[in-house]
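One structure below.
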């Protein structure tokens, strides 16, 4: 009895230590600002006490140097990094790459040691200037999608160069070392072709495993976007299209469990059924599902678009749900499947959870009757992260005051403001704490982070 109590105490201590060290890594995108007003998302909409790390997606690359992508990226950087005044423990990273970025610029950059050093120096300068705490490499994928096989070794060299430079810069400057992470695939073929796992794991602070997109409307039958386990009867390659197989692969190839962060999606993959009466897993499909009312992309639905579908079922052996209505079918994750995945990653001793993406959860609590961020808040609770503690009065940062005009134009008296103007940001003569943003001929009014004002000279929010 004494031994069992002692063992229980040890296990409790381990759980407390694990929980306090767990990471909850959340991505946000710089294109969610263009969605319709009800679901438009800016960095200022991020709850600063929700995630331990927030990664801004995406930066680009020009002439082997980090670069912005959207015309107002630098303002969005400021919005994000100002959240650290509310939660000094929050870490922010900048992700470079992404699916649509492709591989060519990465391939050119890693081709020579000189090119890599150009990138390394630009990354150091860019991250420090913009106030980020680290860099996330999202090359999709070295050794794949037109990237030559030699990029596998060159990607390792890039990571080692960055890690060395980040360490040296921290020692010389006295600043906290910049973090270095990477987003990586689940597919065995892509992993084998592009990643020297044991080597890169030594230099990266953590690895974000993209454990989703296992099935999509590119296939002729329905399948789940992110199943935890294989389905009964699956074998061969089909049996590897799940979270457990992906985690096992990365662990077997040499990733320390504490560095592996399990990615989870706040979106679902949708299909159009060949027949509405044949609506199970593996049912024939004719193509992607219809665009969602807010995300407006074929084959993809946000959690806030899928959560209200009535005809919902669970794939018991895969621990995930799907739903259908008429000839539309969607596989997605919900609170229950996130709990199952959180329990799984704790059992495996992984370093935490990653979420793609903040803006596809029901971030306002407007659609699913579960409060704001139901999926991500579930992870925070299940990972035993500390509850948000009230700030003392001197720590409270006032929120930007509500705008008197709608965020989406045209607006009264300003219908023609963006006509003849290039996409970009412009001062608001009536209120220097806000600015006008012209994009595609539409007018938006946006607010600077608290305490900052907009200056036309730098087209940025700065101290008054």
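The backbone N, Cα and C atoms fix where each Cβ goes, and this holds for glycine too.
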The annotated region 'Disordered' range in Swiss-Prot, which must be one of 353-384, 385-416: 385-416
Residue among disulfide-bonded residues 307, 368 with least C-beta crowding, 10 angstrom cut-off: 368
Which of 26, 51, 210, all recorded positions, has a Cβ with the fewest other Cβ atoms inside 10 Å: 210
Per-residue Cβ crowding (10 Å cut-off), top of recorded positions 70, 140: 140
Those residues of the chain, 6+ apart, with a Cβ under 8 Å from that of residue 97 (chitin binding site): 58, 106, 137, 138, 139, 140
Where the record names 70, 71, 97, 98, 99, 100, 210, 211, 212, 213 as binding chitin, the maximum Cα to Cα distance in Å: 31
Most Cβ neighbours inside 10 Å, all chains, among the binding-site residues 99, 212: 212
Alpha-carbon distance [residue 307 (disulfide bond); residue 70 (chitin binding site)] in Å: 31
